[in-house]
Amino acid sequence: MEVVSSLGIRDLPASLSVTTSLNHRPHRSDKDGAPAKSPIRPSRTRRPSTSPAKKPKPFRERDAFPSSLPLHSKNPYIIHRDIQIFARQNNLEVALTILDYLEQRGIPVNATTFSALLEACVRRKSLLHGKQVHVHIRINGLESNEFLRTKLVHMYTACGSVKDAQKVFDESTSSNVYSWNALLRGTVISGKKRYQDVLSTFTEMRELGVDLNVYSLSNVFKSFAGASALRQGLKTHALAIKNGLFNSVFLKTSLVDMYFKCGKVGLARRVFDEIVERDIVVWGAMIAGLAHNKRQWEALGLFRTMISEEKIYPNSVILTTILPVLGDVKALKLGKEVHAHVLKSKNYVEQPFVHSGLIDLYCKCGDMASGRRVFYGSKQRNAISWTALMSGYAANGRFDQALRSIVWMQQEGFRPDVVTIATVLPVCAELRAIKQGKEIHCYALKNLFLPNVSLVTSLMVMYSKCGVPEYPIRLFDRLEQRNVKAWTAMIDCYVENCDLRAGIEVFRLMLLSKHRPDSVTMGRVLTVCSDLKALKLGKELHGHILKKEFESIPFVSARIIKMYGKCGDLRSANFSFDAVAVKGSLTWTAIIEAYGCNELFRDAINCFEQMVSRGFTPNTFTFTAVLSICSQAGFVDEAYRFFNLMLRMYNLQPSEEHYSLVIELLNRCGRVEEAQRLAVMSSSSSLQT
C-alpha cells in the first residue's frame with residue numbers, strides 16, 4: 001500500500017523530504033515523447049511603441065461605481081444609515097464603495113458612521129479595510145475627533161498593528177483615559193510577548209496623571225495573567241484598593257483570573273469569597289481557574305453550589321469548561337444530567353465546543369456507545385467533533401479506529417486542522433506507525449501548520465516512541481519559540497530511549513532558561529529520579545514542588561511518594577503520604593508500591609486493606625500493584641482473593657497483566673488446575689473485547 005493512500009490525505013510525498021516533492025514536478029511529455037514546453041514562458045524583449053499615446057478617458061461615475069449601488073435615497077442621513085447597516089452585516093466592500101461615492105460627490109460623513117465601520121473592521125480583523133476607513137476619516141477632517149481616535153487605536157491593535165495604533169495615539173494632543181484604555185486593551189490582545197509594553201504604557205499613564213478606571217486595571221490584570229507576572233499583579237491589586245476601585249465585580253473577576261493563571265489558588269479564592277453579588281461571569285472564572293490548576297473535584301463542587309444554592313444555570317462558556325472536568329473525574333452520572341440540561345435548553349446542542357465536549361465526556365468515562373451516539377446524532381458535524389471522536393477512540397485504546405477516522409473525516413469533506421493533527425500524532429506514536437506519522441508530518445508542512453509548538457511537541461513524542469531519537473532533537477533545536485511542553489517532550493524523548501541522565505541534563509538546561517517547570521514536568525523528572533535512585537535530586541525537586549504549591553495535585557504527590565519508596569527512604573514516603581490532605585486512589589497506590597519496593601510485602605497488603613476499609617475505591621493500577629506484590633511474596637491465597645474482589649465487587653475488567661500475574665503465581669505454587677481455569681477465562685474475555 002502506498003503511503004499516500006494509507007491515510008487518505010491526498011497529494012502528500014512519501015517521506016519527510018518535502019522540498020523535492022513540492023517544488024520539483026516533471027513536465028508532461030507530448031505524444032512524440034518530446035518534453036513539453038516549460039510552464040514558465042521565456043521573457044520577450046519589449047519593443048518601444050511607435051504609436052502615439054492614447055488620451056485617458058474622462059472620469060464617468062458609472063465606470064467607478066456599480067449601477068446597482070444600494071442607495072435608498074440621496075438624502076445624506078439615509079445614506080449614512082445604509083452604510084451603518086452594511087457595517088453591522090460586516091459587508092465592508094459595499095460600505096466602502098458608498099463612501100467613495102460620497103467622497104466624489106463631496107457629501108460629508110459623520111463620526112457615528114465611521115465608528116460603525118471601524119467596529120466592523122475589528123470583527124473581521126481586516127487591517128486593509130481599516131486603513132481605508134482611516135483615510136476617509138482624514139478626508140472628512142475628523143481625525144482630531146477623540147471618540148474616533150480611540151476607535152482607531154482599538155481597531156489597529158485588534159487587527160495586529162500595534163505600531164499604527166501607537167502612531168495614532170501619539171498624534172493626539174489631549175489623550176483621555178478611553179484612548180489609553182484602547183491602547184492597553186489592544187496591546188493585551190496582541191499576545192503574551194507584549195507584557196512589558198503594557199507595563200510601560202501603564203507606568204506612563206500614571207506618571208502623566210491620567211485618572212485610572214476599572215477598565216484600565218482590568219486590562220493590566222489580563223496582561224499579568226498571560227505573563228504569570230505575580231509580583232506586578234500584587235502591586236496593581238494594592239493600587240486598586242488605594243484608588244477605591246476594588247468594589248467593582250468586573251475588576252475582581254479579572255483579578256481572580258490573574259491569580260489562577262499565576263498558580264495562586266488561595267489568593268483567587270480569597271478574592272472570590274469577598275464578592276457579595278456574584279454573577280455568572282465570576283462563577284465561570286472561578287470554575288475555569290480551578291480546572292486550569294488541576295483542581296477538578298473543587299471545580300465540580302463549585303459547579304454544584306452555583307446551581308443548587310445560587311440558582312445560576314451554566315451558559316455555553318461554563319459548559320465548555322465543566323464538560324472536560326466531568327470527563328477527567330469520570331463523573332458519568334452528573335455528566336448525563338448536564339447533557340439533559342443541554343438538550344432541554346436547545347440553545348447549546350449544536351454549538352461546536354459543547355457538542356465536542358459531550359463526545360469527549362462520554363469517551364473519557366468509557367461509554368463509547370453514548371459518545372458515538374452524540375456524534376452521529378448531530379446534523380452539523382465538523383472538524384471539531386471529528387477530532388473529539390478521534391480523541392475518544394485513542395483514550396479507550398482503539399488506536400486503529402482513531403487513525404482510520406482521519407480518512408472518514410475527509411470523506412465527509414472536512415480537512416484536518418492543527419488540533420486534529422496534534423490528536424492523531426500520539427495515536428501514530430502508540431501504534432509505532434512511523435510511516436503514517438511521516439505522512440502527517442508532510443501534510444502539516446504543506447499546509448503551513450509548522451512551526452506550531454504544540455504540533456512540534458507531538459511530532460517529537462511520536463518520533464521518539466517510534467525509535468528515531470535524532471528527529472526530536474532536530475525538531476527541538478529548530479524550534480525558536482520553546483515553551484514548557486516542548487522542554488518536557490524533550491525530557492520524555494531521552495527517557496523513552498533509556499538515556500535517563502540526558503533527560504536530567506535537559507531539565508537542568510530548562511531551569512537555566514526563562515521557562516519554569518510545571519506540575520507535569522516535575523512529575524516526569526520525579527519518575528526519572530525514581531529510576532536512577534537519585535534521592536538528593538528528588539529531595540531538591542520536592543522542595544521546589546512545595547514552593548510552587550504543586551503538592552496538592554494528586555499525580556504529583558503520588559510521584560513524590562513513589563520516588564522516596566524506590567530510593568529506599570520509606571520514612572519520607574510515609575511522611576509525604578500523611579501530608580496529603582485529600583487522598584485518592586493515586587496516593588494509596590503509590591504508598592502500597594513504596595512498601596513493595598522495599599520488600600515489606602505484608603505491610604503493603606495491610607495498607608491495601610486499610611485503603612478499602614476507609615472507603616477508597618481501588619482502580620486497575622492499584623490491583624496491578626497489589627497482585628504484583630502478591631506474586632513476588634508468594635501470597636497465592638491473597639492474590640486469588642484480590643482478583644475475585646476486582647471482578648465481583650468493583651466490576652473491573654482484568655487486563656492481560658492481571659491474568660498473567662495470578663496464573664504465573666498459581667503455577668508456581670502447584671495449583672495447576674486453577675491456573676488452567678483462569679487461562680480459559682483470560683482467552684474468553686480477550687475474545688469478547
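For all residues, glycine too, the Cβ spot is worked out from N, Cα and C.
On a predicted model such as this, the values are computed, not experimentally measured, just so you know.
According to Swiss-Prot, the compositional bias 'Low complexity' annotation covers 38-52. Under the heading region 'Disordered', Swiss-Prot lists 16-68. The annotation repeat 'PPR 3' is assigned in Swiss-Prot to 145-175. Annotation comment: Swiss-Prot describes 213-247 as repeat 'PPR 5'. Swiss-Prot lists 248-282 with the feature repeat 'PPR 6'. Residues or ranges marked as repeat 'PPR 7' by Swiss-Prot: 283-309. Feature annotation from Swiss-Prot assigns repeat 'PPR 9' to 351-381. If you look up Swiss-Prot, you'll see 382-416 marked as repeat 'PPR 10'. Taken from Swiss-Prot, the feature repeat 'PPR 11' covers 417-451. Among the features that Swiss-Prot reports, repeat 'PPR 12' is placed at 452-482. The repeat 'PPR 13' annotation in Swiss-Prot covers 483-517. The repeat 'PPR 15' annotation in Swiss-Prot covers 553-583. Per Swiss-Prot, repeat 'PPR 17' is recorded for 619-649. Feature annotation from Swiss-Prot assigns repeat 'PPR 18' to 655-689. Taken from Swiss-Prot, the feature transit peptide covers 1-49, and the record attributes it to sequence analysis.
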(request) Sort out the residues at least 6 away from either end of the repeat 'PPR 12' (452-482), same chain, that have Cβ-Cβ distances under 8 Å to it, and list them. (result) 418, 421-422, 425-426, 428-430, 432-434, 437, 441, 444, 489-490, 492-494, 496-497, 513, 515
(message) I'd like the per-state residue tally for the repeat 'PPR 13' (483-517) from DSSP, helix first, then strand, then coil.
(response) 26 helix, 0 strand, 9 coil
(message) Over the span of the repeat 'PPR 12' (452-482), how high is the average pLDDT in this prediction?
(response) 85
(request) Report, as numbers and ranges, every residue of the chain located at least six residues beyond the repeat 'PPR 3' (145-175) whose Cβ falls under 8 Å of a Cβ in that stretch; write 'none' if there are none. (result) 111, 114-115, 118-119, 121-122, 125-127, 130-131, 133-134, 137, 182-183, 185-187, 189-190, 194, 197, 210
